[in-house]
Amino acid sequence: MDQFIKQDETGDLIETGMNVANHFLSAPIQGTNSLSKASIIPGVAPVLIGNPEQKNIQHPTASHQGSKSKGRGSGVRSIIVPPSEAGNGGTQIPEPLFAQTGQGGIVTTVYQDPTIQPTGSYRSVELTKIGKERMINRFVEKPRISTPVTEFKRGAGSGCSRPDNPRGGHRREWSLSWVQGEVRVFEWCNPICSPITAAARFHSCKCGNCPAKCDQCERDYGPP
C-alpha cells in the first residue's frame, strides 16, 4: 500500500479542509439549544459549548439568569467577603507603612542585618524568611530570673489585658509589612470584647467595660 500522498491529492485535501472550516465559521451559533449531542464530534464538545455559554454569561437575559449562569465558569469571578470577616465592623487599618490614622498605634522598623545579603532569584524569599524570624524572636519574652520591676514594655501583659478581667481590657495587635528589605510593624490596642480579624482593624468597645486607654497603648498617642 502506497503511504505517500501525491501533490494533486494534497491540494484536494487542503481545499476540502478549508471549505469545512469556512462552513462552520460562517454559520453563527445562536445558543446552546442549536447544538445537539448527536451533531458534536467527540473531543470538541467543550470548545463548541463553551463559546455560546460564554456569550450568554457576558450578556445574560431574564430567562438565563440563575442556575445556567452558575453552571460553568466564565473566567470572571467576583470577590466574595468570607463569612467570618463579614459584619465584624471596625475601621480597617491601611498598609503599615502609611498607618498614620490618628487613632493611636506606633510604626517601628526591624532592620535587616547588613552582613546577610542573599542573592539570586530567591533573594526576596530569603529576606522575607529572615524578617519573619526576627519578628517572632522580637516578641518572645525570655524567662525572668529576678523579681520583676515596674517598667513599660510594649506588648507585655497588664492588669487590664487579662481575659479573666471582668472590667474589660485591651489586647495588643500587630500588623507586619515587608518594605524594601525592612519589616515595618504597626502595633495598636483593641478592646478584648472585639472580634479578632485577619485584616488589621481598629475596633471600639462593645461591652462598655473596656477602658479608652491602657498601660500598653497610653504611649501610642504621644506625650499628654
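Glycine residues also receive a Cβ, built from the backbone N, Cα and C atoms like all the rest.
Note that the structure is a prediction, hence the values are computed from the model and not measured.
Cys193 is the residue from Cys189, Cys193 that Swiss-Prot records in the Zn(2+) 2 site together with Cys205, Cys207, Cys210. Cross-referencing His23, His170 against the Zn(2+) 1 binding annotation in Swiss-Prot, which names Cys189, Cys214, Cys217, picks out His170.
When other Cβ atoms within 10 Å of the Cβ of Cys205 (Zn(2+) 2 binding site) are tallied across all protein chains shown, the result is 17.
When the C-alpha distances from Cys193 (Zn(2+) 2 binding site) to the binding-site residues His170, Cys214, Cys217 are tabulated, the minimum falls on His170. In this structure the alpha carbons, written CA, of Cys214 (Zn(2+) 1 binding site) and Cys205 (Zn(2+) 2 binding site) are 13 Å apart. The secondary structure of Cys207 (Zn(2+) 2 binding site), as reduced to three states from DSSP, is coil rather than helix or strand.
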